[in-house]
Amino acid sequence: MNRFILLALVAAVVAVNSAKLSRQIESAIEKWDDYKEDFDKEYSESEEQTYMEAFVKNMIHIENHNRDHRLGRKTFEMGLNHIADLPFSQYRKLNGYRRLFGDSRIKNSSSFLAPFNVQVPDEVDWRDTHLVTDVKNQGMCGSCWAFSATGALEGQHARKLGQLVSLSEQNLVDCSTKYGNHGCNGGLMDQAFEYIRDNHGVDTEESYPYKGRDMKCHFNKKTVGADDKGYVDTPEGDEEQLKIAVATQGPISIAIDAGHRSFQLYKKGVYYDEECSSEELDHGVLLVGYGTDPEHGDYWIVKNSWGAGWGEKGYIRIARNRNNHCGVATKASYPLV
């Protein structure tokens, strides 16, 4: 590959002609081979340039953002991860929450009612009480909704029956299309809960392992890991009610706006991006708690499904009590067990 040609191409894409930018591009290109080795990346000759261009732009974005973080202008750091080479259009395919898929369906949910005079702790983290399975990885399939749904049901099942069982996302990807879900092309957690209720269960992860692609349904009622009796929606946009719900009920499925390069490249800290919407939701994740950072304020603890190498060992802390940042409280629900 002619890296001088690539240098010119990237500069043209960024459309800024400056000595500083040229140095940043050169520095990023020098890190490319190390990145490929560190993350075990292999590309065909025809596709490597595309991924390298994306990597270079992301490296520059990381460097500029982290400079602002060091100056106290940002509350979180960004860094390289296994998806730092993805062009933004490919990255967006990971975000498979499809709110429109549910608009034409009749809702069959219950509404969350907070216990009377309830007092909840200042901090909650359900990872400490064995209600949360290890971080999983959806791969390049837009099945985030399935991971969010299984995560909530895993927690409810463990809370009620005392046993944490990893459940099958592939079962939901393959078998819940009649409920409005579209496998690797997206879906909704509530529709997954409806499928599980009517199907009288979802298989265990061990019996129906994840493949990361749409396949023929082969649910087996003999290997069911958990069931639900329906689901509960929390009040839309109400962070205080969501705080009470996660404190009293356990892990909760939520949808967020993850359609930003800052989210793709998040490394650590309390995530706050002024561009993050409370309505344009595109990614299903699992809320497992909340807390307060002494420097950057209140946050939610959110489990992602992009592997333990992303973010804070697979998790992200999202700003809390900042006008429903990224829509954490807009579409939240949990299954009834």
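Glycine is treated like the rest: Cβ placed from N, Cα and C.
Note that the structure is a prediction, hence the values are computed from the model and not measured.
Here Cys141 is paired by Swiss-Prot through a disulfide bond, and of Cys184, Cys217, Cys276 its partner is Cys184. Between Cys175 and the candidates Cys217, Cys276, Swiss-Prot records the disulphide bond with Cys217. Candidates considered were Cys144, Cys276; the recorded disulfide partner of Cys326 in Swiss-Prot is Cys276. Among the recorded positions Asn108, Cys175, Cys217, Cys276, Cys326, not one has its Cα within 10 Å of the Cα of Cys144 (active site).
Of all Cβ atoms in the shown protein chains, 20 besides its own fall within 10 Å of the Cβ of Cys184 (disulfide bond). The two recorded residues His283 (active site) and Cys175 (disulfide bond) have their Cα atoms spaced 20 Å from each other. Across the fold, the C-alpha of Cys217 (disulfide bond) and the C-alpha of Asn304 (active site) stand 25 Å from each other. In the three-state DSSP scheme, His283 (active site) is classed as strand.
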